[in-house]
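Taken from Swiss-Prot as is:
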BINDING   THR63, ASN64, GLU313, LYS316, SER320, GLY388, ARG391  ADP binding site
MOD_RES   THR87  phosphothreonine
MOD_RES   LYS138  N6-acetyllysine
MOD_RES   LYS143  N6-acetyllysine
MOD_RES   LYS206  N6-succinyllysine
MOD_RES   LYS288  N6-acetyllysine
MOD_RES   LYS300  N6-acetyllysine
MOD_RES   LYS394  N6-succinyllysine
MOD_RES   LYS567  N6-acetyllysine
MOD_RES   LYS600  N6-succinyllysine
MOD_RES   LYS600  N6-acetyllysine
MOD_RES   LYS610  N6-succinyllysine
MOD_RES   LYS646  N6-succinyllysine
REGION    1-432  region 'Interaction with NFS1'
REGION    432-679  region 'Interaction with FXN and ISCU'
REGION    655-679  region 'Disordered'
Amino acid sequence: MISASRAAAARLVGTTASRSPAAARHQDGWNGLSHEAFRFVSRRDYASEAIKGAVVGIDLGTTNSCVAVMEGKQAKVLENAEGARTTPSVVAFTPDGERLVGMPAKRQAVTNPNNTFYATKRLIGRRYDDPEVQKDTKNVPFKIVRASNGDAWVEAHGKLYSPSQIGAFVLMKMKETAENYLGHTAKNAVITVPAYFNDSQRQATKDAGQISGLNVLRVINEPTAAALAYGLDKSEDKVIAVYDLGGGTFDISILEIQKGVFEVKSTNGDTFLGGEDFDQALLRHIVKEFKRETGVDLTKDNMALQRVREAAEKAKCELSSSVQTDINLPYLTMDASGPKHLNMKLTRAQFEGIVTDLIKRTIAPCQKAMQDAEVSKSDIGEVILVGGMTRMPKVQQTVQDLFGRAPSKAVNPDEAVAIGAAIQGGVLAGDVTDVLLLDVTPLSLGIETLGGVFTKLINRNTTIPTKKSQVFSTAADGQTQVEIKVCQGEREMAGDNKLLGQFTLIGIPPAPRGVPQIEVTFDIDANGIVHVSAKDKGTGREQQIVIQSSGGLSKDDIENMVKNAEKYAEEDRRKKERVEAVNMAEGIIHDTETKMEEFKDQLPADECNKLKEEISKMRELLARKDSETGENIRQAASSLQQASLKLFEMAYKKMASEREGSGSSSTGEQKEDQKEEKQ
């Protein structure tokens, strides 16, 4: 344990905190620098000449994900292979081991609920014992299990997957979407995270990017990205609030936009509040009503529950534009008396009553964010809505009541975050030069000191990147080592906050308590990820770590997952090749049989039989297609095609010569007739 009592004395004798220029400006004002000068000084940290190629912006969402790229000065949202601009963040594993991502995974969820993963972003960077995780285990049909490191992972067909891996599979789909559009490999990316994500969750998201094969240049906050999308082409200076209620998380950020500088003043939120909770509340209501009417409890039937879950989500969306909707699920389940059907009418007012407590949970974070930013609602010039749940009229009314103005609909709530990520990618690549983003750390950072007290070194809403040092001392006589426990949160006692990690500084010369001087330095990079060092000022001995939670993924874990992801990518490529080869072969068989019927009178019988044998062999090959390579199938199909082309060429020539013969004979007959007429 180390003592904080020394810190006050140390400060009296001149120990000071070192800060980044951004942090200093945030706390001390502009220090006489113009916006342009400050932008010029700071941009060295934000752009890099080493970045080659396009930087894709990815909104890795709880429910849906979206990808965008910069085209000139404009960001473009890309359509996936299914033609949609957003992709469901759903991953499924079929009984034969095939992995499905996006809409194909979502479509089969009813028949495969135990092995279809959705909303796993809510588990990312979390421990299995977290109350939120324990709550989730009761609400989802798939298995959430404790990993060997204590983190919450998921299980399918006996295999364990980290939430970072599931996120990586979704990111690979987004990467593929970008590559199909760009026509070349997409390597660099900016990925967004909820503003209120802690360090563990940010690190786990970055791990997901690495597993997917992406070079994650920056992790930025979702509300900040949305503000970039909103303010890129705006010239006026103003303070804006970004209210982001998505599929799994809620964030509120207050920003000041001034001459291309986007400065986050404060942020707050709830990382376990979103559309999934609205769906779950409605699902519970439907299940309760169904049991009251039929006496059947649906909670034991995962397949029926998945149907109800999808119907609840659909009804929720419909009630944003309609005042009433019907929920009809025929043959939902069965008991001794026969099949049971679900038929229910749901009004908007009923739904609002069911979820009113969830909407109210967004109010306190908004009030706290305004308080931290030292602004009143009259100071806020615009309120931007982000996230699918902000389409709900009751949510919009709550926002209007809270901020005293109708919210703006200037951005697409589903696409704004990806657009902002692409813009930040353009800034990092040097393609966008008139924008500077100054974000903040959402939670206070510090260490545990004597008595279990949480001593803050960096307060929440400090502009990042930032660096701060403070001197501590030993708590006992003769102490030769100190354990540094790094925590994140706002509670007074360290045990009530999130333990990010811990390390030990050893080799301190024995001395009376309070004599050794141990300098602890916190450094938060532009991704919001924490680096901590502890140095014995007497010996110069230093210990440094990039904070990883006591769980988290080790370097070896990530490398193994990268290899597995590459293996999956290779399997996907082989599968695609095989499917294309099978389609080609079936097309050639069909064309060959059609032509054989068409030219049957011109084809020699023995040649015709040979061709039929070739077709039979091809069909036998297709019958075992799952064990054949695409190349083998393609070669066999090409061989059949060549054989059929030669035969049909012979038949065509024979038919042509027969036509010529019949044509010349008819011409001769005509000439004879003409001679007879003349005579």
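Going from the start of the chain as shown, residues are counted 1 onward.
Cβ coordinates come from backbone N, Cα and C, glycine included.
Mapped onto this structure are the features recorded in Swiss-Prot.
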{"residue": "THR63", "record": "ADP binding site", "DSSP class": "coil"}
{"residue": "LYS300", "record": "N6-acetyllysine", "DSSP class": "helix"}
{"residue": "GLU313", "record": "ADP binding site", "DSSP class": "helix"}
{"residue": "SER320", "record": "ADP binding site", "DSSP class": "coil"}
{"residue": "GLY388", "record": "ADP binding site", "DSSP class": "helix"}
{"residue": "LYS394", "record": "N6-succinyllysine", "DSSP class": "helix"}
{"residue": "LYS567", "record": "N6-acetyllysine", "DSSP class": "helix"}
{"residue": "LYS600", "record": "N6-succinyllysine", "DSSP class": "coil"}
{"residue": "LYS646", "record": "N6-succinyllysine", "DSSP class": "helix"}
Enumerate the residues of the same chain, THR63, ASN64, GLU313, LYS316, SER320, GLY388, ARG391 excluded, that satisfy the criterion Cβ within 8 A of the mean position of the Cβ atoms of the recorded ADP site; list them in sequence order. GLY247, GLY275, CYS317, MET389
Just jot down the residues in the same chain as SER320 (ADP binding site), at least 6 apart in sequence, with C-beta under 8 A of its C-beta; none if empty. ARG391, MET392, PRO393
Filter the modified residues THR87, LYS138, LYS143, LYS394, LYS567 down to the ones within 10 angstroms of ASN64 (ADP binding site), Cα to Cα, kept in sequence order. THR87
Tell me the Cα distance separating LYS600 (N6-succinyllysine) from the residue listed as 'phosphothreonine', rounded to the nearest angstrom. 50
Of the modified residues LYS143, LYS394, LYS600, LYS646, which one has its Cα closest to the Cα of LYS316 (ADP binding site)? LYS394
Taking just the CA atoms, what is the gap between LYS610 (N6-succinyllysine) and LYS646 (N6-succinyllysine) in Å? 12
May I ask for the distance between LYS206 (N6-succinyllysine) and THR63 (ADP binding site), taken between their Cα atoms and rounded to an integer number of Å? 19
In three-state DSSP terms, the structure that LYS138 (N6-acetyllysine) belongs to: coil
Out of THR63, LYS288, GLU313, LYS394, LYS567, point to the one nearest LYS143 (N6-acetyllysine) in space (Cα versus Cα); all of them are recorded positions in the record. THR63
